[in-house]
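Trainee: One structure coming up, written as structure tokens, with questions to follow.
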Amino acid sequence: MAVKKKVSWRSLIVGCLGDPETLMASSKKPKRKNDVIKKQSSFQRLSILDMSNPSSNTLSEDLSISLAGSDLHVFTLAELKVITQSFSSTNFLGEGGFGPVHKGFIDDKLRPGLKAQPVAVKLLDLEGLQGHREWLTEVMFLGQLKHKNLVKLIGYCCEEEHRTLVYEFMPRGSLENQLFRRYSASLPWSTRMKIAHGAATGLQFLHEAENPVIYRDFKASNILLDSDYTAKLSDFGLAKDGPEGDDTHVSTRVMGTQGYAAPEYIMTGHLTARSDVYSFGVVLLELLTGRRSVDKKRSSREQNLVDWARPMLNDPRKLSRIMDPRLEGQYSETGARKAATLAYQCLSHRPKNRPCMSAVVSILNDLKDYNDIPMGTFTYTVPNTPDNKEDDGRVGNKPRKSSHHHHHQQQQSNHPRSSPSPTTKSPSPTAKSPRNSTENHRRTLRNGVNSPLRSEAGGERY
């Protein structure tokens, strides 16, 4: 729960990349005398750091200085080859905007002080500067922020042109994978509320840190789950320092994922902690309904989840229409009503009307303990209609690729239930199961780090 005092990474990022977002925003503000002095001093530091060239000989040294006191390990490429068996295809987990991800295992003999453990090794594709910036941002944030609901960054490699990140391995993969895989066992109500509470706690920690952080890319595929379904936020490539002093927001280029980004952020580029609250409301709505934030396979009026479901969230008589049918009625009605009301508030078009994350965490903490869940055994059959056919992990005639670290190879899910487990009919032995198909492990949930507003599950880019 403790956070190590952050050295300011802002000057480091600016030195590395020229930070066009921040520079553009600051140019719009009235220049005060003190501002000019500070900027001159800042630019003197930039010329020293000057990490705009990813192959800079001083990059590794600058990072080591900036992250002094952190417990990050700086791996060599040779060590990573040992950990991943030379990046063997048998250890391949997936590939996304950052590049391929491999599972690995750190032996306790690799180096003193590093315990034996499974890891996920993400290799960055450095063809574009954008990727380097996200890699650097992730190292800086996760190197200094420590919390049980943030994924642990164990270390990194910055050797010649190679850029890698080494994370703790998350055996349950992402919430996106657990919630939307067609043939996976349905997440029970209690587990969904546990995940929502954990993810909300992670956001609260970021917003209330000594130097507040705006996550900016909160979505189901960025919520990773350990073996006990503890939620941990991952992928800090788009994270930003919160507003400073009397500023009410951060002005920045619009980036994120369609269906999750707050409407005022899309319209104005003004980013606040309440922008994250809106995104949380979308994920909470996904947990309630079992639907994606954007689903082009549905009818036109139901493709955007928020537009379709939000009007019904505040009406108890209509709530049952939007609840995930795979829950088969086994959820707390009182808890569902309170969760729906919370989602409604988080999704307000007026940022000031959204609750802060501490209030969200408090409400969800109570919801975890509701035990008025109906008992009984049910069978839910997936309708075999054209609208519900799985797309076999393909977009057009091309197979999708799996998201990077978010989609670790999945273990068989045995979800804990607070009531007898309903039986879900399995596909016939002759049917092709997406779980076992190669394409299923190569889905791309991020359409590239260079997209201003990335699409999710087939959504349109802005």
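Here the Cβ of each residue, glycine as well, is placed from N, Cα and C on the backbone.
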Trainee: By the record in Swiss-Prot, which of T252, T381, T444 is the one labelled O-UMP-threonine?
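Mentor: According to Swiss-Prot, the O-UMP-threonine annotation belongs to T252.
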Trainee: For the ATP site that Swiss-Prot assigns to L93, G94, E95, G96, G97, F98, G99, P100, V101, which of the candidates K115, K122, K146, K148 is also assigned?
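Mentor: Record source Swiss-Prot; matching candidate: K122.
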Trainee: Swiss-Prot annotation O-UMP-serine: which of S42, S89, S251, S320 has it?
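Mentor: That would be S251, per the O-UMP-serine annotation in Swiss-Prot.
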Trainee: Do you know which of the binding-site residues G97, G99 has the most other C-beta atoms within 10 angstroms of its C-beta?
Mentor: G97
Trainee: Give me the CA-CA distance between T252 (phosphothreonine) and G97 (ATP binding site), in Å, as a whole number.
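Mentor: Given the Cα positions, T252 (phosphothreonine) is 21 Å from G97 (ATP binding site).
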Trainee: May I ask which of the modified residues Y167, T257, Y265 is closest to G99 (ATP binding site) if we compare their C-alpha atoms?
Mentor: Y167
Trainee: If you measure from the CA of S251 (O-UMP-serine) out to 10 Å, which recorded positions from the list T76, E95, G97, Y167 are inside that radius?
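Mentor: Checking Cα-Cα distances against S251 (O-UMP-serine), none of the recorded positions falls within 10 Å.
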Trainee: For a quick check of understanding: among the modified residues S221, S251, T257, which residue's Cβ has the most other Cβ atoms within 10 Å?
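Mentor: Compared across S221, S251, T257, the most Cβ atoms within 10 Å surround T257.
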